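A short write-up of the structure that comes next.
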Amino acid sequence: MMKVLVVVALLVTLISYSSSEGIDDLEADELLSLMANEQTRKECIPKHHECTSNKHGCCRGNFFKYKCQCTTVVTQDGEQTERCFCGTPPHRKAAELVVGFGKKIFG
């Protein structure tokens, strides 16, 4: 039963990864068309770095492209500002955990 569960988890992860690649390709096409208007091309933004000014510029992680995650921050003056950082969404963290676990088991 455990082997079946691991195999199903791996299949779900692989399907998620392949669909993510297709989505990332579409995002890349949109990003390239936007960047064509800019004179200089910026490098991608690493994990845990700020992406407030460039929400589509996050780097690619081990399996998935990082996503720009935003939150509203209230300063000491009571002013609300939006702060964003590149990170891995929870469902993708779970997929990476399953793949890592599968690699440890199957070599």
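Glycine is treated like the rest: Cβ placed from N, Cα and C.
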**Request:** Name the cysteine that pairs with Cys44 in a disulphide bond per Swiss-Prot, restricting the answer to Cys51, Cys59.
**Result:** Cys59
**Fill in**
From the list Cys58, Cys70, Swiss-Prot names as the disulphide partner of Cys84 the residue Cys70
**Prompt:** CA-CA, which of the disulfide-bonded residues Cys58, Cys59, Cys68 lies nearest Cys84 (disulfide bond)?
**Reply:** Cys68
**Asked** Given Cys68 (disulfide bond) and Cys86 (disulfide bond), what distance in Å do their CA atoms have, once rounded to a whole number?
**Response** 4
**Prompt:** Looking only at Cβ atoms, how many others are within 10 Å of the one on Cys86 (disulfide bond)?
**Reply:** 23
**Message:** Quick check: of the disulfide-bonded residues listed here (Cys51, Cys70, Cys86), which one has the Cα closest to that of Cys59 (disulfide bond)?
**Reply:** Cys86
